[in-house]
Each structure stands twice: as C-alpha cells, then as structure tokens.
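Novice: Straight from Swiss-Prot, here's the annotation block:
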type    : residues                                                : note
REGION  : 1-306                                                   : region 'AAA+ module'
BINDING : Tyr23, Gly49, Ile50, Ala51, Lys52, Ser53, Leu54, Glu196 : ADP binding site
REGION  : 331-437                                                 : region 'LARA'
Amino acid sequence: MAHPHLLAERISRLSSSLEKGLYERSHAIRLCLLAALSGESVFLLGPPGIAKSLIARRLKFAFQNARAFEYLMTRFSTPEEVFGPLSIQALKDEGRYERLTSGYLPEAEIVFLDEIWKAGPAILNTLLTAINERQFRNGAHVEKIPMRLLVAASNELPEADSSLEALYDRMLIRLWLDKVQDKANFRSMLTSQQDENDNPVPDALQVTDEEYERWQKEIGEITLPDHVFELIFMLRQQLDKLPDAPYVSDRRWKKAIRLLQASAFFSGRSAVAPVDLILLKDCLWYDAQSLNLIQQQIDVLMTGHAWQQQGMLTRLGAIVQRHLQLQQQQSDKTALTVIRLGGIFSRRQQYQLPVNVTASTLTLLLQKPLKLHDMEVVHISFERSALEQWLSKGGEIRGKLNGIGFAQKLNLEVDSAQHLVVRDVSLQGSTLALPGSSAEGLPGEIKQQLEELESDWRKQHALFSEQQKCLFIPGDWLGRIEASLQDVGAQIRQAQQC
C-alpha cells in the first residue's frame, strides 16, 4: 500500500482534475468519486440541464481504460437498450437465449441512467441484481459485471409505496443539485470554451485495475472505533424517536459504514473518525423533509457530542457549581461584617461600619452575581456617608450597579450574622464583601479541575484539527464544528478567570 498521506494527496489531485470546468459541483464530484472508489451507487436529484450526465461522464476518466454506458430512460425503454440485444445467431444456430453485451451496461465500469424512475419492471429487476450482486444472467450463464459506479438521475423522487423503492434503497448516496447560483461562477460557465468531453485527468493520477481491486480489500480493514460506533448508535436511536424520521434499513446502515471506511482510507487514516459521519447526511434522507431533519440531527451530533462538546460543558457546569458552593461556604468568613450598636429596646437595631473601613466610596463585591434593574451585577459602589446613615437610621439606600450610571434603589438588609445582603426582585440574596476580603484566586480544587478540563479540550481540538483534512466533507460543516469547540474553550477560559 502507498503511504496513506500520499494516497490522500493523490485522490485530492484526482478530484481537482475531475472538477475542472464544472461549477458548484465539487461536492457532487467528490462524493461520486468516493462512491466509485468503493463500488457504491449514487442518485442525483435535480432539474434538467445542471450537468448530472456530465458528472457521470467525468468519473470515467478517474480510471484507466474505463468503459462508460449512459442511457435516458422512457416508459417505452426495453431491456435490449440497456443490457444489449439478443444474439440472433445464437438463437438461430444453437437455440440459446443470449444477449450481445458489448457496449452496454453489463460490460461498463461507469453507468449513468437518466430519468431512472421511468424504467419498466423488466429493467428494474435485472438492475437490482446487477447492483446487489454485481452479476448479470445472460442466458444459461451468470456473468460478473465490472460496474464500479452507478449514477442514477431524475428530476423527481420515486412515489412512496411503489415498486421503485427497492431500487431507491440501493442508491446509497443521494445528492440534491440545483442551478449554478454564484454570479461569477455563472459567468465563467457561460464563457467557458472547454470541451466537456476532453479527459482532464493526467495518466499518473488515473486508477489502475490492480489498484482498484487492492483498495477494495484495504477499505474493509479500516476499523470502526468504539466511540465512533457510539455516535452512530446515538444517531440511530434519536432518529427512531422522531415521528417524521425516514426509515433506514439495516442494509443501508451497513453500506453506509463501508462508505465511512472508504472516506477514512482515502483520507490517509486507519480508522473511521467522527468527521466521516457527516457523510451520513447524504445517505439517510428520503425526501425534502427528511433531508432537513437528517442534517439537523447530524449537526447536533457533530457540534454537541462528536468531540465531547456537551460532555465538557456538563463537566464545566459541575465545576462552576462546586465553585459557587465553596464560595458560599466561605461567605461567613469573607463577608463584610458590620458592628451592632446598643439599644436593645429601641424599635430598630442600629449598626455601624468597622473602624478599618474609611474610604469615602465603598465598592462591595457580591458573593454571587444577581440581576438587579435588568443588569447582571457583580459589585456595587456606595457613598460611605449614605451607607452609614442607612445602618444607623434605616430608610432608602442607593448604590451604583457595577460602579456605573446613577445610584439605584436597592433592597439591602443586615442578616443575623451581621452581614450585608442585597436581594433581587425574586428575593434571592447575595452577601457583600470588601475587595480583597474574599479568597484570592480560584480554590486549588477548582483550579485543578479546570486545568484538567482545558487539557481534555485541547486534546479534542487537536483530534478535530487532525481529522478535518477530509476531502469529502464540506467546509461549512467543519466551520460549525470548529466554532462549537471554540465556544467550549472560551467558556473554560472564562471560568478560569473568575
């Protein structure tokens, strides 16, 4: 076997050659190439005139000396037009019912069938055997067929509960194509003088028969790690719970796994990675509704679970909660304690500030943030004279929230431990403390847990960075995963700064 990274580079260059002159079809070309390299079938859905047939023709050039067959189905198409005419000579001389297959589907490596759903039962039945078993019954003989890629196309989906569903289920990759959208690409397409039938692939990049056969065995040796299987099973269970989810047969799941193995193999890896699971978005949908649903579920899987994003956030939440508990346990020791004055028999208890509190403006920290006057508040600034008067005589007390703006009216009280407590509208309280009176920095227990969590985050991010070099995965998906990991990292760093 060639060095894995050299193989990945070669396949990338091969795909780039196949994509030349085709605008906004890179993803379709890459998945069709992956299907061809792993012996799978593709269904292209889209309106006429959007290069569906050209995609199939291009794939012929991926292989040395590959033969191609393409046919436009109609309601009147006959098996002879697809599988070859009967041999009159064999029937006349020997009474054998045998087809002349040269130039037809049974002898082609690349097959393109347009308007596939218009095929009649006789064609469909033979086609199913060809896809499933790579065999063709020609008279009394069963012949192996060399088909590496079947591309079927239509501008519509098969009717539900029709005889076409069996064939549709064999189309592992399903791609929904549209017209060229980008203005610059549209202009380039209109003015391009490239002959679409020219071979754009250098001979050195084309796949030989020996390489193709060897790769089929090596694809099967790619491992499926336990954590990747758990992600697949999680997706399957989630789909089973949704009432509108499409039915996905066990056969389709099994074929999809081989596609994931091929993606890993041609990306230079020895095992399927979570990033390969994004390919399932093009394998599991049935119609427009299920296409959106499948993409949503895989997006949740990729941005929430594939690199332990949700698990790390859950751990972070537990660490933050523990930090709050420790802060609350320390509140009695760190809180500002006022001095109770005499006057037991007076109507209102009087207090005064400690003698060491002498600043004209006092900034008091909330042991836990509160939402006051529609603002998340972490500290309050008081005029010392106003606070002294309130402690002595009661009445209204005002302070600047987070030290800014006008002084706002506050619900402030002295608790039984002689601590100042501010309350929000729901009467949730937070003890006030002088700056520097609270514990310095994070507790050792919390600091260690956050460092371990950050280390795990770095490992997951490094894994993703290594795995994202995958030709067959669109860049926008990789961008969303990167953003989800960066969000987790930012929350961890924020917690470390508290």
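Backbone N, Cα and C define each Cβ position, glycine as well.
Since we're looking at a predicted model, the values are computed, not measured.
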Novice: Note the mean pLDDT of the region 'AAA+ module' (1-306), expressed as a whole number.
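Specialist: That stretch averages a pLDDT of 92.
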Novice: Largest pairwise Cα distance, Å, within the listed ADP binders Tyr23, Gly49, Ile50, Ala51, Lys52, Ser53, Leu54, Glu196?
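Specialist: So the maximum pairwise Cα distance among the ADP binders is 14 Å.
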Novice: How many helix, strand and coil residues does the region 'LARA' (331-437) contain under DSSP?
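Specialist: Tallied per class, the region 'LARA' (331-437) gives 14 helix, 46 strand, 47 coil.
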Novice: Cβ distance under 8 Å to Tyr23 (ADP binding site), same chain, sequence separation 6 or more: which residues?
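Specialist: Set apart from Tyr23 (ADP binding site) by at least 6 residues yet with Cβ under 8 Å, we have Val180, Asp182, Asn185, Phe186, Ser188, Met189.
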Novice: Any same-chain residues 6+ apart from Lys52 (ADP binding site) with CB under 8 Å of its CB? Would you list them in sequence order, or say none?
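Specialist: Listed in sequence order: Leu44, Gly46, Asp114, Val151, Ala153, Leu177.
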Novice: Can you give me the residues near the recorded ADP site, meaning same chain, not Tyr23, Gly49, Ile50, Ala51, Lys52, Ser53, Leu54, Glu196 themselves, Cβ no more than 8 Å from the center of the site's Cβ atoms?
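Specialist: Sorted by sequence, the hits are Leu22, Arg25, Ile55.
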Novice: Work through the binding-site residues one by one (Ile50, Ala51, Leu54) and point out the residue whose CB has the fewest other CB atoms within 10 angstroms.
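Specialist: Counting other Cβ atoms within 10 Å of each of the binding-site residues Ile50, Ala51, Leu54, the minimum falls on Leu54.
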Novice: In the three-state scheme derived from DSSP, which category covers Lys52 (ADP binding site)?
Specialist: helix
Novice: Other Cβ atoms within 10 Å is the metric here; tell me which of the binding-site residues Gly49, Ser53, Glu196 scores highest.
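Specialist: Within the set of binding-site residues, the most crowded position is Ser53.
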